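Student: Pulled the feature table from TrEMBL, pasting it below:
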{"type": "DISULFID", "residues": "564-573", "note": "disulfide bond"}
{"type": "DOMAIN", "residues": "536-574", "note": "domain 'EGF-like'"}
{"type": "SIGNAL", "residues": "1-19", "note": "signal peptide"}
{"type": "TRANSMEM", "residues": "686-710", "note": "transmembrane segment"}
């Protein structure tokens, strides 16, 4: 109720024409509503097919490049987007589809995504769209060949776009139930209306608006099943967008974003602002200043010098910068690198050759990137048309458009052009990354689609949603900086300036004003990477009290167990054994020894004779998928984005599974059974062997038939004569004339 009242108060602020939309109010007119009570906005517009023009998607049977309408409107946090028509019952703010077919998520590894929505709350439906009636439609199979028509006009002095699907069939549906007749109307003021005459009964289509996982407005499934005549989505604009800096700071419902120099509602901050990272004490750690601007095109590489082309065949490349590049540090030698590694997924790994995060296609689905630069990390790869090249820059400002200072630093510009994705040839990303010896990082963005469909500046959309920014110890690290993806479009410029105030204090310390690290309790060292006395393990927990002269196995690699002397044994060296014993076989991380017998910490998941078996009750269900994993509430099982099912009871213990992103049960794209391809794929060796056997059999039969034919043609009645010496008589069987 408070949030709703706050949104209403925001509506009282004068709205800028380019303001973003916080949310939409839905109005639904059911099919069984009395005709006399249907509002004017809900009545079907019969002029569309009469006055409109035929869209080229009318001939499509697959989802190729979408048809441009050259009509724009605000859509959620995007102040304006152009709309493109899809044959699959939706219009989208990008001309490139997610897939060239009606894609549906098969498993976490497929990275297909799905056009259909999940009505559990978050889940599928991750491609931006206005979903009129999203299903596997095939307009090209319609006998009329003009099943999708477009009308642009004005209504009440407001520009209006209406797209109508008429008699468009659904693939693989019975003839009498498979057609859609409906229309979507978009006004330049942001209002969206969906109207329906006939919908197919053989599909559970999705209806609603989607920009991202957090920005969506879906029509309730039960309302769809009852029958809908029309739906209107009325926008609630972000009134904070029109405020200046002073007014924005004073307004308790607004937040000024330094990175974009814009004022936004606090409810839109997560999608429109780069929120300052916080450390454990709640104070911002000033590693970088971030600035985001638009209208900055990518730089012509040849104007910088002679570009060096990188071999892309291995989907990664080793790059010698020619200088020491610092990341998340002031003057820390261990946080500087001269060699970095480019990965085809849109990642630059700074301190390691690869990312140790169980990557799929070089993508860390759990977000556990460490000391990495992410200009656009998603499921993409380098193909035959991809070019990766770089130019090294000196300190001459005249030839360095990336330099903002009076004196430039030694740097390098890397350009990745025309990457590819598996499910469509039309999405292709181009971006540039600038690094210099002062720690500055800058991203610039070119095209998100192939040249043939590129017509204007476009937002960069991808599946999975891209990760953009600088990452220190994964997504869970509050010092990592994530850029909202909706800020990335053609001409975007994102610049990270290293402040030089702090060295890396790790996850267990706080950077002080003088640049030193104040370590959390139990930690010590210049970077808070060691345990203080009487503390143990990666969490530097307090050691137990050991009796009878026993000592704790302390330190960052310690087990915390008591090491007993003489005849003493037990959990705290509190048991006197009657005879000599041997405890060397016991795993002291998994239990303790009492007079030669291992006693396991079963509550922490350890078992076995020597307590060396970690029995996480959930881990064995990893390949059963998210729904089953999450349903085992008695074991407190949780499902991680890297497809590991783990016990929540072990979180906070030495045996916890580190997961940056837990997947809720209702989140369908990754809440699927992970496919083991080696079990479901085709054994090509066996297939080839079978094929050769078949060929050999056919050849033998053919030779036998040929031999039989030749014996008849040459009057050979005895096969032995075929190999006989020339001139030998041919024995013919006696033939009696009647």
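Using N, Cα and C of the backbone, Cβ positions are placed for all residues, glycine too.
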Student: Let me spell it out: for each of the disulfide-bonded residues (564, 573), count the other Cβ atoms within 10 Å of that residue's Cβ, using every protein chain shown. Which one has the most?
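Tutor: Selected residue: 564.
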Student: Summarise the model's confidence over the domain 'EGF-like' (536-574) as a mean pLDDT value.
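Tutor: Looking only at the domain 'EGF-like' (536-574), pLDDT averages out to 93.
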Student: Mind checking how the domain 'EGF-like' (536-574) divides into helix, strand and coil residues in DSSP?
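Tutor: Across the domain 'EGF-like' (536-574), DSSP assigns the residues as follows: 0 helix, 10 strand, 29 coil.
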